[in-house]
Amino acid sequence: MWTALPLLCAGAWLLSAGATAELTVNAIEKFHFTSWMKQHQKTYSSREYSHRLQVFANNWRKIQAHNQRNHTFKMGLNQFSDMSFAEIKHKYLWSEPQNCSATKSNYLRGTGPYPSSMDWRKKGNVVSPVKNQGACGSCWTFSTTGALESAVAIASGKMMTLAEQQLVDCAQNFNNHGCQGGLPSQAFEYILYNKGIMGEDSYPYIGKNGQCKFNPEKAVAFVKNVVNITLNDEAAMVEAVALYNPVSFAFEVTEDFMMYKSGVYSSNSCHKTPDKVNHAVLAVGYGEQNGLLYWIVKNSWGSNWGNNGYFLIERGKNMCGLAACASYPIPQV
């Protein structure tokens, strides 16, 4: 019944950080590394310190070089600044080529017109706080719960916090694989046929694979139907966000995205095909800035990443394949 689809955000937490060319680190870079270590409460062995300083200095230089050029977005230091992109891919992203083109559309697009901008965060208490997936490739679960939390709140006026850990532990029969990855569309199907998902207070997040502990008597949110938006139909995504609720989508994360800080993310290094997506997030709105169309997107790397846990990404160009497998749930309320 369920076609095999790719995994998102999969990957074990490996210790190798990838090779970094030896740098001559200057005093300014050492100062910023020391400050960054204090901010992020980092400690290292002597050997590890030397390696992490090298990686940090390399990332610092990339950030400075990027910000001096004419880009639509700025980079900044964050929790990833002592890691190479090779290490980040092992820890947070699925490193093999992916393909979500098997997702079958059932969305019927209207003719508009639609508002020039939309931000569900400004529509009352209908977008839950930014969460942090931590040391688990579970972005797909946070995209799923974020979409359903908003859909329920919009339909009923009740905001709740749903259990990502239930999806990590229990949704394997729908081609999801816990901390090794999955897709929101498949997670919505699981909730639909499982007849519910528990709240996070009853099924707290631990950020690692565990035994399924679902208790149907404690289910608090339910899915009536799952809507899969047509492959690469970004206009349909706009309609869905404008008229209905936030939309889950996947895209390809490349190195320049990891240090995103502000502005509208756009990249020439990512692919626009459905076979490369490796991270799932939640579109909560859209708009335009200086003639540049963008999506407002909720991430799952904590509120200290990006712009309070959010980022903007260019809209209308299928940037990094973001229109490859978008979906949202219709809640049963």
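Each residue, glycine too, has its Cβ placed from N, Cα and C.
Residues annotated as signal peptide in Swiss-Prot, with sequence analysis given as evidence: 1-20.
In the three-state DSSP scheme, CYS325 (disulfide bond) is classed as coil. Annotation source Swiss-Prot lists disulfide bond at CYS100-CYS325 (among others), citing similarity to another entry.
The annotation disulfide bond is assigned in Swiss-Prot to CYS136-CYS179 (among others) on the grounds of similarity to another entry. All protein chains considered, the CB of CYS179 (disulfide bond) has 23 other CB atoms within 10 Å.
Among the features that Swiss-Prot reports, active site is placed at CYS139 (among others), with the record citing similarity to another entry. Other C-beta atoms found within 10 angstroms of the C-beta of CYS139 (active site) number 29, with every protein chain shown included.
A sphere of 10 angstroms centred on the C-beta of CYS212 (disulfide bond) encloses 13 other C-beta atoms. Under the DSSP three-state reduction, CYS212 (disulfide bond) is assigned to coil, being neither helix nor strand. Per Swiss-Prot, the feature disulfide bond maps to CYS170-CYS212 (among others); the stated evidence is similarity to another entry.
Swiss-Prot lists ASN228 with the feature N-linked glycosylation site. Neighbour count (other Cβ atoms within 10 Å of the Cβ, all protein chains): 19 for ASN228 (N-linked glycosylation site).
The disulfide bond annotation in Swiss-Prot covers CYS270-CYS320 (among others) and rests on similarity to another entry. Residues within less than 8 Å, Cβ to Cβ, of CYS320 (disulfide bond) and separated from it by at least 6 positions along the same chain comprise PHE251, GLU252, VAL253, THR254, PHE257, SER267, CYS270, HIS271, LYS272, VAL277, ILE313.
Note: HIS279 (active site) has non-local neighbours LEU8, CYS9, TYR92, LEU93, CYS139, ALA250, PHE251, GLU252, VAL253, i.e. same-chain residues 6+ apart with C-beta under 8 A of its own C-beta. DSSP assigns HIS279 (active site) to a strand in the three-state reduction. Sequence annotations record features per position, and here Swiss-Prot assigns active site to HIS279 (among others) based on similarity to another entry.
The number of other CB atoms found within 10 A of the CB of ASN299 (active site), across every protein chain shown, is 26. Taken residue by residue with DSSP, ASN299 (active site) is part of neither helix nor strand, so it is coil. Feature annotation from Swiss-Prot assigns active site to ASN299 (among others); the stated evidence is similarity to another entry.
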Integer Å distance between the CA atoms belonging to CYS170 (disulfide bond) and CYS325 (disulfide bond): 22
Other CB atoms, at most 10 A from the CB of CYS270 (disulfide bond): 22
Cα distance (Å, whole number) from CYS179 (disulfide bond) to ASN228 (N-linked glycosylation site): 23
Same-chain residues at least 6 apart in sequence whose Cβ lies under 8 Å from CYS136 (disulfide bond): VAL168, GLY178, CYS179, GLY207, LYS208, ASN209
Integer Cα-Cα distance in angstrom, CYS100 (disulfide bond) to ASN299 (active site): 20
